[in-house]
Structures are given as structure tokens and as C-alpha cells.
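The structure appears below as C-alpha cells.
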Amino acid sequence: MTPPAETDLRCAARSRFMHRLTRARLTLAALALLVLCWGWLPDFSVVLLCHIALYALVALGLVLLTGIGGMTSFGQAAFVGIGAYATAWVCTAPAPVQWLAGAVGMAGLPWVGLALGLALTTVLAWGLGAVTLRLSGHYLPLCTIAWGLSLYYLFGNMSFLGGQTGITGVPPLVLGGLSLAAPRAIGLLIWALLLLALWLLHNLLDSRAGRAIRALKGARVMAESMGVDTARYRIRLFVLAALLAALSGWLYAHLQRFVSPTPFNLHIGIEYLFMAVVGGAGHLGGAVLGATLITLLKEKLQDWLPSLLGSSGNFELIVFGLLMVLVLQRFADGLWPMLERLGQRCLRRAAPRAMHPAANPAALTALTQRTLPPPGTVLLQARNITKRFGGLLANDAVSMDVRAGQVHALIGPNGAGKSSFFNIISGLDEASAGDLQLMGQAMRRQPARAFARLGLARSFQHVRLLGQRSVLENVALGAHLRARGGWLMAMLRLDRAQEAALLAEAQRQIERCGLAAHADAPVASLALGQQRIVEIARALAGQPALLLLDEPAAGLRHLEKQALAQLLRQLRAEGLGLVVVEHDMEFVMQLADHITVLDFGCVIAEGNALQVQRNPQVLAAYLGG
Ligand SMILES: Nc1ncnc2c1ncn2[C@@H]1O[C@H](COP(=O)(O)OP(=O)(O)OP(=O)(O)O)[C@@H](O)[C@H]1O
């Protein structure tokens with residue numbers, strides 16, 4: 001592998017840090033401008049800005065859920081309704097008002113309403129998420145439509161919620177003795193909460209948990225192999241998006257001082273999704289951009305179209321729909337990426353020099369360290385593993401032991417059953433019969449993340465990486481189980497020492513695998529052979545005791561293969577156990593201590609390179625008899 005280029009690393013680290021610093025400065029400048037202008041804006045613009053921020057809060061949840069987490073929801077408007085109705089009911093229904101007002105005072109009622117709305121949303125979203133998030137493909141969006149409709153009709157049919165007429169007389173918020181009755185006053189709170197949400201979510205995504213969240217979209221199998229409990233992450237994300245919607249609903253109720261079912265119907269739910277997608281569903285900023293553009297566009301179309309066409313009607317909906325199709329056709333990822341590219345050009349010019357914490361190797365101490373078993377210890381024991389796919393026998397009573405400090409190669413012609421066996425011993429698939437022990441523990445029916453926790457790491461035959469994320473981030477995901485920071489810690493940025501350690505570890509493994517020059521490049525920009533090496537670096541970041549590599553040399557050039565073989569020898573010398581599935585016989589024979597040969601799912605030969613090469617059954621299998 002190519003030795004690390006120290007100056008390249010420092011430059012990349014500096015550029016990452018300065019990019020963030022300059023972005024923070026620009027955000028602060030924009031904020032200062034907004035606060036300065038706030039007092040001079042006309043009332044109409046203030047109300048419009050309030051609505052933009054309320055929509056952006058919901059769209060933020062959708063960016064997280066749909067654009068980043070890969071779960072499409074049309075039903076967020078219903079959660080907005082829960083937040084709005086909870087506070088409207090608490091503040092206006094005679095019984096709770098009398099009872100609660102004595103305890104918290106009249107000014108405290110909206111805050112009780114907020115607590116009730118968030119609690120109801122959490123319970124409901126958790127329940128709905130547990131049922132619907134198991135579904136995939138188009139079933140999940142269909143379910144969100146179903147519960148979005150149900151909740152909307154529930155609001156309209158509950159007599160204690162005022163039926164279709166709704167609830168009037170919602171009191172204004174009072175904060176520190178100050179009434180927020182005027183839109184100009186509550187607007188400041190709405191924008192402050194939106195900015196707080198942006199900051200918290202930005203921190204969340206820029207963390208260990210954030211990397212795992214990004215892997216939920218299209219890379220769940222890989223994430224499980226890195227130790228991520230993807231089912232739990234999906235439900236949490238769903239609840240978080242619902243809570244943002246409920247918060248928006250609470251603010252909406254106290255801005256409008258009136259709630260009715262109409263703003264929480266499916267049509268609005270679809271509009272929220274539009275905002276996220278048009279703005280840029282993969283970017284937090286896209287939520288604000290989308291909410292701004294769509295709110296302004298609808299507003300302007302309502303003004304302009306009747307005078308342009310000379311008659312009134314819902315023409316704005318038709319024009320709006322056509323515009324959406326055009327925008328999405330031209331900018332499939334939304335408009336934010338385009339703005340970001342423009343901004344990045346300016347930032348590059350502005351960035352001064354400084355150091356990034358990832359370049360500090362001392363940070364590594366914040367990660368858990370694994371003590372490797374002594375050489376010769378049996379790490380993995382497979383006994384009579386059988387795998388059937390319907391009538392097809394992919395593995396027939398395959399047994400093998402893998403020891404620490406040994407390279408064990410698994411070879412065989414195409415379709416011999418290597419990948420099937422590989423998936424079983426790494427927990428991705430369940431054996432039809434047979435026993436499997438990892439580090440002395442029975443692993444039947446255990447998920448892949450349990451294998452990762454015991455010290456097994458793997459690469460994939462068809463690379464599974466987050467193509468748009470950098471090499472550094474992809475590799476850092478491999479060290480997921482070596483840190484403990486939760487979502488709240490990440491949001492509040494209390495995980496920075498751990499994060500620096502994770503990035504430092506990722507950088508170390510990238511250097512070790514000879515990819516230092518590419519640390520900041522998006523993985524998709526690398527050649528396939530290099531992407532395979534990124535997978536190895538990611539596996540090593542988990543500090544495994546047992547490393548499973550599926551065709552690691554495929555797509556590498558001769559010198560790169562030699563460098564890879566050298567790295568694997570070094571790992572073996574450090575005491576790792578390695579299982580390598582590979583078609584390149586020269587590569588296998590120069591490296592493997594022990595070889596198992598499969599054909600038609602059965603073990604046909606075992607031994608060292610010489611024994612296997614001389615075995616007539618192996619020759620027959622490869623040369624067709
Ligand atoms: N999910 C599946 N469903 C049905 N059949 C499968 C499945 N996965 C594998 N098979 C079949 O099992 C047999 C073994 O496949 P497997 O991919 O394990 O072989 P392999 O030795 O890894 O082949 P290659 O070297 O081409 O990757 C093949 O006949 C394959 O078609």
C-alpha cells in the first residue's frame with residue numbers, strides 16, 4: 001500500500017475544519033441580519049416567515065426520515081395535528097383548565113399542552129413505527145397515508161375536540177411573564193426553535209449515530225454487520241420526525257389561537273413531503289429552502305394568477321403541480337445541493353488555516369480496545385452447516401475451524417456455495433441446519449450485529465458503502481461499536497472527544513490501507529478495487545479478532561494485490577484470524593495457511609496450498625474433470 005502522505009492528510013483535515021468554521025460564521029451572520037430586520041418587517045411578512053419556519057420544522061423531520069433515513073411518510077400532518085390539538089384542548093377544555101390552572105397557573109397551561117402533545121406523539125409514533133416500519137417498498141408510504149387519514153378524521157369526529165369546527169380561544173404563549181400574542185413576538189420563538197432544531201440535528205448527523213442513520217437508506221445489511229441495531233434506529237428516527245411535527249403543531253396553535261382539522265389533512269402531508277424533496281431531501285438546509293420556496297410560490301401564485309387569467313379558481317394548484325414536476329425533473333436531489341456547491345466555491349476562497357482534531361492520534365484512547373486471543377485459539381467453529389434455498393442445496397454439512405493468527409481460504413468454482421457459507425458465518429443468513437460457535441458462543445439465530453460485537457468484521461462481495469459520503473466517514477462507521485455516545489449526547493455535542501477518536505481511528509486505518517490521499521473523497525469517486533480496500537479499512541476500524549474478506553483482490557492491479565497480500569500477512573502476524581474467499585489462485589496460494597475447497601456445496605478438499613493443488617478432486621472441479 002502507498003505510504004501516507006502527511007501533508008495531504010493535514011491539508012484535508014484543515015479544509016474540513018475550516019469549511020465548518022466558515023459555514024458557522026456565515027450562519028451567524030445570516031441570523032444577526034434576520035434579528036436586525038425583524039422589527040422593521042411588515043406584519044404580513046412576519047406572519048409569512050412564521051409559517052415558513054413552522055413548515056420547515058415538519059420538513060426537517062421529513063428530511064431526516066425520508067431523505068436521509070429512506071422512509072417515506074405522507075402522514076406527518078397528523079402529528080402536527082396532535083401537537084396542536086393537545087395544547088388547544090388542555091388550554092380550553094373546562095375540566096383540565098380548572099384542575100391544572102390551580103397547579104401551574106393559566107400561563108403554564110400551554111407548556112402542559114406541549115408536554116401532553118409530545119408524550120402522545122411519542123407513544124403513537126412508537127406504536128405506529130413498530131408496526132409499519134417493518135414494511136418496505138411501497139407498503140410503508142401506503143401505511144403512512146392510512147394512518148394520516150385515520151388521525152385526520154379522528155380530529156374531525158371527536159366532539160370534545162370541536163368536530164369539524166375545531167377549537168377557538170387558544171390562549172397566547174407567555175414566556176418569562178412576557179405575552180407572545182403578537183406574531184412578531186411568537187415568531188422569534190418559532191425561529192429560535194427552528195434554528196435550535198437545525199443545530200441539534202446537524203450535530204446528530206455529524207456523529208457516530210449520524211453515520212449509522214445515513215446507512216439506514218439502502219445499506220441496512222451493511223449497517224447491521226457494523227453493529228448497528230437498524231430496527232431501533234428506524235423507530236427512533238420516526239419518533240424524532242413526529243416530535244418535530246408535534247412541536248410545529250403546538251407553535252401553530254398558539255400563533256393562530258385556533259385549531260381545526262383542515263391544516264392536518266393528507267393534502268398538507270403531501271405538501272410537507274414536497275417541501276423536503278424540492279428543497280433537497282438529503283440536506284437539513286433543504287427543509288428550510290423547500291418550506292420557503294413553496295410557501296412563497298403558493299402565496300405569489302394566489303396573487304398573480306387571478307389577475308393574469310382574469311378569473312378566480314384553484315389555478316394556483318395546477319400551476320404549482322406543473323412547476324413541481326419541472327423542478328424535480330431538473331433537480332432530482334432538490335435545490336439545496338446546487339446552493340451548497342455555489343457556497344463551497346466561496347468558502348474555499350475564504351478558508352484560513354488551522355488544525356482538525358481528527359489529526360490527533362492521542363484521541364484514540366477514548367475508544368474501547370479489544371484484547372486479541374492468543375494465536376492458535378479457535379475463533380470460529382462451524383459444524384455441518386447446511387443451507388437450502390427451496391430445493392437447492394447451497395451448503396451440505398460444511399465444517400471448518402478458523403484460528404487466530406491464521407489465513408483460512410475458502411475456494412471453489414462459481415456457484416460452489418462460498419458466499420452462502422460466508423453469509424451464514426457472519427450472521428447475515430440463517431443456516432438450515434448445523435452449529436456455529438464464535439469465540440466459544442453459540443450463534444444460532446443471532447443477528448449480524450451480535451457477530452460484530454464478538455469481534456467479527458467482514459467485507460462484501462458486492463461492495464456496500466455509502467457512495468456519497470467520504471472515505472473517512474465510511475471507515476469510521478466500522479468503529480461504531482467501539483464508542484458509546486447516544487443521540488442526545490451527539491445532539492448536544494457532548495460526544496466530541498469520542499468523535500475525534502473515531503475519526504482518528506478511521507484515518508489511521510485509511511493510512512494503513514494506503515488510501516490516505518482519498519480520505520476526504522466521496523467513496524463513489526474511487527475505482528472498484530479501491531472501494532474494496534475501503535471496506536477492509538472499515539472492517540479494521542472495528543478492531544476485529546476475526547476478519548472475513550469476500551473476494552478482496554477482485555479489481556486490483558498486480559502491485560495493489562501484492563500490497564494487499566502484505567497487509568493481510570501483517571494482520572495475521574498481529575494475531576487476527578482471516579477467512580478469505582477468492583478466485584485469484586496465485587493470491588490465495590501465496591497467502592493461505594489452510595484452504596477449504598467447496599464444490600456443489602460440499603467440502604471436497606482441505607489442507608495447505610500444496611495438498612490442495614495436488615488433490616485430483618480439486619483439479620477435476622476446476623478443470624471440469
Ligand atoms: N438467495 C438465494 N436464493 C436462491 N438460491 C441462491 C441464493 N443465494 C445463492 N443461491 C444459489 O446457491 C448456490 C451457491 O451460491 P453462492 O453464491 O453461495 O456460490 P459462490 O460459490 O459464492 O459463487 P460465486 O463464486 O459465483 O460467487 C448457487 O446455485 C446460487 O444460485
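Positions of Cβ are set from backbone N, Cα and C atoms, glycine also.
Annotated features in TrEMBL:
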- 24-41: transmembrane segment (TRANSMEM)
- 47-65: transmembrane segment (TRANSMEM)
- 77-97: transmembrane segment (TRANSMEM)
- 109-132: transmembrane segment (TRANSMEM)
- 139-161: transmembrane segment (TRANSMEM)
- 181-201: transmembrane segment (TRANSMEM)
- 235-253: transmembrane segment (TRANSMEM)
- 273-297: transmembrane segment (TRANSMEM)
- 317-339: transmembrane segment (TRANSMEM)
- 380-625: domain 'ABC transporter' (DOMAIN)
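Between the transmembrane segment (235-253) and the transmembrane segment (109-132) there are at least 3 Cβ pairs closer than 8 Å, counting only pairs 6 or more residues apart in sequence, which means the two stretches are in contact. Below 8 angstroms of C-beta separation, residues 274, 276-283, 285-286, 289-290, 293, 297-298, 301, 305 of the same chain, each at least six residues beyond the ends of the transmembrane segment (317-339), sit close to that stretch. Sequence-distant contacts of the transmembrane segment (109-132) (same chain, at least 6 residues past either end, Cβ-Cβ under 8 Å): 79, 82-91, 96-97, 100-101, 140, 143-144, 147, 171, 173-174, 234-235, 238-239, 241-243, 245-247, 249-250, 253-254. 273-297 is the stretch from 24-41, 77-97, 139-161, 181-201, 273-297 with the greatest number of Cβ pairs below 8 Å to the transmembrane segment (47-65). Counting Cβ pairs closer than 8 Å to the transmembrane segment (273-297), the top stretch among 24-41, 77-97, 139-161, 181-201 is 181-201.
Here the transmembrane segment (181-201) has Cβ contacts under 8 Å with residues 31, 34, 38-39, 43, 46-47, 49-50, 53-54, 56-57, 60, 64, 172-173, 175, 244, 247, 251, 254-255, 284-285, 288, 491-492 of the same chain, all six or more residues outside its ends. Here the domain 'ABC transporter' (380-625) has a mean pLDDT of 92 out of 100.
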